[in-house]
Amino acid sequence: MAPRTLWSCYLCCLLTAAAGAASYPPRGFSLYTGSSGALSPGGPQAQIAPRPASRHRNWCAYVVTRTVSCVLEDGVETYVKYQPCAWGQPQCPQSIMYRRFLRPRYRVAYKTVTDMEWRCCQGYGGDDCAESPAPALGPASSTPRPLARPARPNLSGSSAGSPLSGLGGEGPGESEKVQQLEEQVQSLTKELQGLRGVLQGLSGRLAEDVQRAVETAFNGRQQPADAAARPGVHETLNEIQHQLQLLDTRVSTHDQELGHLNNHHGGSSSSGGSRAPAPASAPPGPSEELLRQLEQRLQESCSVCLAGLDGFRRQQQEDRERLRAMEKLLASVEERQRHLAGLAVGRRPPQECCSPELGRRLAELERRLDVVAGSVTVLSGRRGTELGGAAGQGGHPPGYTSLASRLSRLEDRFNSTLGPSEEQEESWPGAPGGLSHWLPAARGRLEQLGGLLANVSGELGGRLDLLEEQVAGAMQACGQLCSGAPGEQDSQVSEILSALERRVLDSEGQLRLVGSGLHTVEAAGEARQATLEGLQEVVGRLQDRVDAQDETAAEFTLRLNLTAARLGQLEGLLQAHGDEGCGACGGVQEELGRLRDGVERCSCPLLPPRGPGAGPGVGGPSRGPLDGFSVFGGSSGSALQALQGELSEVILSFSSLNDSLNELQTTVEGQGADLADLGATKDRIISEINRLQQEATEHATESEERFRGLEEGQAQAGQCPSLEGRLGRLEGVCERLDTVAGGLQGLREGLSRHVAGLWAGLRETNTTSQMQAALLEKLVGGQAGLGRRLGALNSSLQLLEDRLHQLSLKDLTGPAGEAGPPGPPGLQGPPGPAGPPGSPGKDGQEGPIGPPGPQGEQGVEGAPAAPVPQVAFSAALSLPRSEPGTVPFDRVLLNDGGYYDPETGVFTAPLAGRYLLSAVLTGHRHEKVEAVLSRSNQGVARVDSGGYEPEGLENKPVAESQPSPGTLGVFSLILPLQAGDTVCVDLVMGQLAHSEEPLTIFSGALLYGDPELEHA
């Protein structure tokens, strides 16, 4: 995306420069005319005051805007690179290891800046702005002419209202050049449109890649870290770069031609002025109009290009936002799936979701439908005998039940099912949020549905009556048909039977459709009943909350009244205490005044006078003021103490009043929060009721559509002429089915008798088993007694063994007797064993060397040597390969022994030895190839056609990655392999070249075997 944006902006800059060369910006300021505004269209002639002579008087400063680009750091990206060893281990086992590195990511930013540029003033041209505009025609007049109306200046500097252009004449060569320039601009516009189409195609591919990435993320597959980019994107980018380079070259050529044309126009104007002065108001020429159109087209192309760039940027931003939104959506979906899985694990189905009466009716209906289906199946199996016998009898079988009675029973059951739901709807109270308005509408819709069902049942009853009459006529016709000789009407009977079979199948399908429709209606009634029950529960909870709110409001009003009464009491008490305190203060002031007057009137000394010889202690100790009369006197102290006590009571009253007010404020705040919660709960209940109302409306609409479809089907069935005949034959088949049902009933009774006999035999078997169990219990008891007896016998044997052991320990030998006479000599015994060997003797002298012996016999021929297998292979790649993984070299050039698998690209060593392995990997141009040679899933060697890239962040950062030149990657090494080792080439990055001629080859051969590797 970055190269595409960079080249597009570069193209827009070139087009802007070309437009600027054709038309100068209107903001120009002359530094020598003394005017601060823009220059007049007439140039120097429009000014009355003469311009000062200066060398640079024809140059003006213009404020221009430029778009500059800069390289900014855009975060850090990670990339994976292969390394043979871990970090800091010089010697390590040769295995494939990948390491993740960080490197800065850069982006190209664009900014519009203003700059001052020196250009030729309006009306001047040339390389050094020395070419002045052409003077006016006619003799010079001393009186100044009125200034012309300002107009938009053209390229030559003359005003648009002049009758002649300032080019000094237009020749055929100039018109041809202008026409060529116009054609070139048109071709450039077409190329820009083609480039826009290519960019749109690239954006489409980007959208496909984004969609594929999202699908991969949803499916749980991840792209490998070292996977290469798509080759189609690189090829498209290379093509875009090539086209942009061509456009750059053409724009430069056009810019040069425009410069030459401007210079030529300037020279022509100067020469034309010397030959024939042009009038002051010359009309614009066709060349000027063409140049103006060229300027407009260039500006439009630039604006379109900039708008396209902005659109691509916005589209890229939208794609990024969509990716983020899809990631968030994926995360929310996964979270929801986990939540649903947890709910499914912890959730148990309700014990009773439906009424037992409704379940019983549904079970009975299903049972009857199963009976009908089974009867039809039995009929199709025995149609040869049963139908023939029934047709020969020519009458109705016993137990005949018409289809009308069955449909009427189904209708009664459906009405009985809808009855409780209608009663619940009638007894349902009105609810807020439009529930009271919805319930009458729903009741009306249910009544309409009931009327429609009644109409349908009436029409079906009438048609069934007609069908009964037609069935009777058909049975009589069938009896007349079957009354003849059996050999004459065999073909007609077979046709009738086949037609009956087809019609029976059709009737069965129609009955199943009717049953499914009734089942759907019953399910809808159940759903509506469940919805009504849920609404009733919600309204009940809302009523409880409203009652609780009423109680809370009443309590709140009572507490407000009590607080108001208490406030009134406190105000009265405070006013009374205030009056009493003010009166006490007045009395205290009067008493203080009287005391002050008494002190002033008192002239007698309080102490006796001292004599001249009296000491300091003659007069006795001085007396202090009386207690209670130091500040206040009389009863004023007690009054103040009483006033202080009353004020303390008032303060305590105010404190309790403040506490009560705080509690009241807290209660009011809690009531506000409760009211807010109740409001939110009410809003949720109203929204839930509205949702349920909408669902009920949708369900009613759907039911109306279904009944409308049922009516249309009924009308279509009524228009069918052969339906009555089919139903008549179906009625006859139903009569025969009743006969079959009677036979099945007899079979059931016989089976019941057999089952009763089996139960009797089972009871006898149980009795015999009980007797045998009693005998087995006796045997088990006898075995228990036998065990006790065996234990006693074992103890007796143990006692006997102990006694025998004691007897064996006793010495039973008697005293020694007298010695007897000597006996005769015995026989000679056997020889004794050999003694130990003696010490070796001394070595004798060595004898002389004997003569050579005769030649020995020829040995037996040895076994033949083990055959060495011939192992060699060579394979090439003929199919495109760009995905990372093992490269399957499918075109086999040589495969001695068949140890190379072309489908997987893996070579398996048959025996241990030294093998020569080589591979030549050819990549696409401007795209490097990176691969690894693996031995038994372990990397042995690595090749990178782009060259060695140092590891680390100290490399010089670049704004964009340059395409690497396409080179070869070659493997050639000798490896020791054991029997069963596998060797393959794993592609890490890039795209391999494929063709009929071998470009990418993988080869190997056995050099010699090594038995030591087998024992290693």
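Cβ coordinates are placed from backbone N, Cα and C, and glycine is handled just like the others.
Among Cys13, Cys60, Cys70, the cysteine that Swiss-Prot records as disulfide-bonded to Cys121 is Cys60. Relative to Cys60 (disulfide bond), the recorded positions with Cα atoms inside 10 Å are Cys120, the candidates having been Cys120, Asn561, Asn658, Asn766.
Among the recorded positions Cys121, Asn561, Asn658, Asn766, the ones whose Cα sits within 10 Å of the Cα of Cys129 (disulfide bond) are Cys121.
A Cα-Cα distance of 41 Å separates Asn794 (N-linked glycosylation site) from Asn766 (N-linked glycosylation site). The recorded positions near Asn766 (N-linked glycosylation site), taking a 10 angstroms Cα-Cα threshold over the set Cys120, Cys121, Asn561, Asn658, amount to none. Neighbours of Asn561 (N-linked glycosylation site), defined as other CB atoms within 10 A of its CB across all chains, total 10. The CA atom of Cys121 (disulfide bond) is located 87 Å away from the CA atom of Asn658 (N-linked glycosylation site).
Cα to Cα, Asn658 (N-linked glycosylation site) and Asn561 (N-linked glycosylation site) are separated by 17 Å.
For Cys121 (disulfide bond), other Cβ atoms within 10 Å of its Cβ number 24.
Within the set of disulfide-bonded residues (Cys60, Cys120, Cys129), the lowest number of other Cβ atoms found within 10 Å of a Cβ is recorded at Cys129.
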